[in-house]
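S.K.: TrEMBL lists 18-35, 55-72, 78-102, 114-133, 153-174, 181-203, 223-240, 247-271, 283-300 with the feature transmembrane segment.
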Amino acid sequence: MAAAAGRGGGMSSDNAKGLVLAVSSSAFIGASFIVKKMGLRRAADSGVRAGYGGFSYLVEPLWWIGMISMILGEIANFAAYAFAPAILVTPLGALSIIISAALAHAILQEKLHIFGILGCVLCVVGSITIVLHAPQERDINSVKEVWDLATEPAFLCYAAIVVAAALVLIYFVVPHHGQTNIMVYIGVCSLLGSLTVMSVRALGIALKLTFSGTNQLFYPQTWAFALIVATCVSTQINYLNKALDTFNTAVVSPIYYVMFTSLTIIASVIMFKDWDHQNPTQIVTEMCGFLTILSGTFLLHKTKDMTDSPGQSFSTERLKHASQNGFAIEVMPLKCQDSVDDEALTLSLPKADIGYLKEEHPLRYKYSSIV
């Protein structure tokens, strides 16, 4: 009946429940990024950083508070997938971008340029476009039906490609480029995340049917999906911690969102055939929503190092003035972590003529290394 109401033009009660749960999930998850980052910073002061393989954050209370917030968000997200299709639930994760970016700006002092704010707005507009044209949830009466969908050749091929790509990243790319390329850690999380969502959706449907009186817990397929969720989630948490510890939170959140959302919707379209009952106009509109999200993320990523700070403008003018006066300036930025404090400018200046000082103070410069 709920599905029929949805096909009649309005939002079904199940979709409405999924919408509320998805919005709550975004709020918890967006805040969790900031609290976990604060915990990772404190842990880095007393041990090996997570980005370099350390696990000192496990004894940091702030990290656990952030982890609890993320778990609550994921539980709400888990429940949302039981009531609404992935194409409706997943794009609402854009709200977590706005929350995490705003809190990072206010609490972590990770400055967000005006174009970064515009990028966030574009992400939300694209997400709303997708939500307004999302397909209705299909009727499923048993977890065995989900298993049959998951074992069709098309989705098995997709799953094999995802697992192979994740393994290549973990064993061959991460050791060499994980600390310098933000896409590596996030790529692992996003690839496995698409399989996680499909399994979570299967578990959500199984629990929903069980609570409604049709027990699905005695089916081995239910526990197979649970095992997939446990394996993928544990791996995602590990590499998401590395990404948060190594790169700017305001950049990690939107890029992770876009990659995760894109791959999840692709997986859902392949497995649940979400587009089979949509017309070309709806599908093209949803693709335009994707392009809007990608544009916003690109804008946010490309402007992450821009600042409106007068101090930096003054410093830039001083460097420019020095260059015009004959100084050789060599700019060597260290890997940017979170703020301007983590960057360094090395100036190669001409050596000063201090011969007259040596003549006036011979004892002081007798054993000096200055030449």
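Each residue, glycine too, has its Cβ placed from N, Cα and C.
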S.K.: Report, as numbers and ranges, which residues of the same chain sit near the transmembrane segment (181-203): CB under 8 Å and 6 or more residues beyond its ends.
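M.R.: Result: 77-78, 81-82, 86, 90, 143, 146-147, 150, 159, 162-163, 165-166, 169-170, 173-174, 221-222, 225-226, 228-229, 232-233, 235-236, 239-240, 242-243, 246-247, 251-252, 255-256, 259-260, 262-264, 266-268, 271-272.
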S.K.: Are the transmembrane segment (78-102) and the transmembrane segment (153-174) close enough to be called in contact, which here means at least 3 C-beta pairs under 8 A that are separated by 6 or more residues?
M.R.: no
